[in-house]
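Here's what TrEMBL has on this protein:
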{"type": "BINDING", "residues": "92, 100, 101, 102, 103, 230, 463, 464", "note": "FAD binding site"}
{"type": "DOMAIN", "residues": "90-113", "note": "domain 'Glucose-methanol-choline oxidoreductase N-terminal'"}
């Protein structure tokens, strides 16, 4: 069997590519997804649920996540034992957009200007803005920055949902000099704002729902295989000719005029490495024939470094935290500058909210622009083995300093006179599953050595791996793909997912990934 385009990975980017490339009825397109389908007429209720997104991570990991994927998070001093922890990476049609916490954040213009400066020609802010607009159907703003006709609805948490507790936090923020910037995707400075989300009528609109709706799925030239594992790339010399898959217990060979990897920043580089595309020494160590010596494959692994804080609410505070209408407990976003590096403004993000039913308030933080990054390698040549992933978080001292600034800011905010009646005691908690009972924040802020030990043990990411197959110029030895996503050193192969980002943006990565998939699809259709 043969197709014009074969897309490996039906996640955020793959859904976009399948929709756009199959719009031409003369092109035969196959989309392959390892996880379950989410049919337009039968999307599982737990995926549609836009108000309880953390349930997917707490209760349903076996159904929608890659099994056995464990990673190293925090860097440790030499000689200190490290422990791998399970990472919830989506394995379902729609990918991360089907299981994430719904934030639709573009980042800042300087993010994309930085991409262009590092060799991603045409990917500066002016080059990417049309594709952000193409993604969006913004229900709040209609101006030159926002799209009105895209498949993904964009809105903001309603100010009418801001309960008395949230309004008390806002009062404290304004007393500290921060202002309401309104649109985090249109006002590019520090401040607070209602978070931007991709919800419609309280339901999640994943990339699969938005781009692979019933009309698209009915196209005769588009085939979607879910529950199908790609075992490896097939090649003829240095030309990638297709893939080998495991489907319904049978191994099949599928040929394609062009193969597109959109399996994400952990699985796409692993597929390249198993195909002999990557650092020659690493490949030879595993007995893999070197097809293209590309040292950058698996390097440049970025993630937004994170930690959480939690406070137990008394009766008055819990009542004040109750929502007046159904909505997310993530009520407020805050963009801040730590001042650690004058060249990196807006390097902190705080998510503030409260859960009246659980009786807790949270202030979750992550580094918008971390300095630390890691790498990915294969454990062996077996396609069934998960890659060895080391995020190497906090390997740069500046990131420890940034978190210290953020934690002091949170402590000062929650102890502000405008919140005094709630008598909040913040405790640290891992970001992934916020739980009460951690060490008191005030005590660790008074003991920097103890705080650093805690952070190195408990630090995590926010499910935003990126950068492992980055865009760059042909003369850059660490570049993996050109600005149209074509893999250097071979023919017939592209990558289009978060792995091609040169640097992680000041944003949750879902919306930028939708944008880059639109841009790569446009390049393909234009003949690039």
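Every residue, even glycine, has its Cβ placed from backbone N, Cα and C.
Because TrEMBL annotations are produced automatically, they should be read as predictions rather than curated entries.
Bear in mind that the values here come from a model prediction, so they are computed numbers and not experimental data.
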Binding residues 92, 100, 101, 102, 103, 230, 463, 464 (FAD) - maximum C-alpha distance in whole Å: 30
Protein Cβ atoms within 10 Å of residue 92 (FAD binding site), excluding its own: 27
Spatial neighbours of residue 464 (FAD binding site) that are distant in sequence (at least 6 apart) but have CB under 8 A: 302, 303, 304, 498, 504, 508, 509
Number of helical, extended and coil residues in the domain 'Glucose-methanol-choline oxidoreductase N-terminal' (90-113), per DSSP: 9 helix, 2 strand, 13 coil
Assigned conformation of residue 230 (FAD binding site) - DSSP reduced to three states: strand
Where residue 463 (FAD binding site) sits in the secondary structure, as DSSP reduces it to three classes: coil
Mean of the pLDDT scores, which run from 0 to 100, over the domain 'Glucose-methanol-choline oxidoreductase N-terminal' (90-113): 96
Cβ neighbour count (within 10 Å, all chains shown) around residue 101 (FAD binding site): 19
